[in-house]
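Working notes for the structure below.
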């Protein structure tokens, strides 16, 4: 696999940083192509953070996980699509009507703003949830894997471009959907013993081998003594 392709597979999560810290980090790591902006950073900095990152020539996964009624979700997708982001996330559990409306609105918003339309991906089951929490806290009778499969199918049938799943479910989903259906996976750890706030985890190599399209990685890079080396080492590990 070419190095360029491996760099395209890593999305750096910068939510724990302010925009100044993020800029310094990205200047130290010129090979990073993708960044993830989540609720924490977007709430702190506002939409201006997108413009700043785009000026640094970064591709942006805006991970706000919209989950509401169809009209509200589609309106939100319309607005963020005008920012020129590359990927946006919505909760698949919002239902097929909301998903279809969100995808349509993202196309309309991008067209109005004359920017490329973003990929819209469905959140399946959060990787922070363990099997026990999923069944007790959420009162679910089926397994996490069964629910991920169901929500991935809902996303696919609604015309979304992919889904977010843990690396544990990536293998079975990749057997069901071709490579043009994105499987974006958090829960990636270079040190498999260090879970932090995730439960369903794998190493970068294991996740890519299972069929993940892109890996969301934060602390392993942002908290490394040498973030650029940490990023390049991860790229090398998935060759």
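From the backbone N, Cα and C atoms, a Cβ is placed for every residue, glycine too.
According to Swiss-Prot, the features are:
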- 15, 36, 63-72, 127, 189, 198, 218-219: substrate binding site (BINDING)
- 65: active site, proton donor (ACT_SITE)
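Feature map: annotations from Swiss-Prot on the structure.
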residue	record	contacts (Cβ under 8 Å, 6+ apart)
15	substrate binding site	36, 37, 38, 39, 40, 41, 218
64	substrate binding site	38, 39, 42, 76, 80, 88, 89
65	active site, proton donor	39, 89, 90, 91, 123
67	substrate binding site	73, 90, 91, 93, 94, 123
70	substrate binding site	94, 95, 97, 98, 101, 102
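Within 10 Å of the C-beta of residue 218 (substrate binding site) there are 19 other C-beta atoms, taking all protein chains into account.
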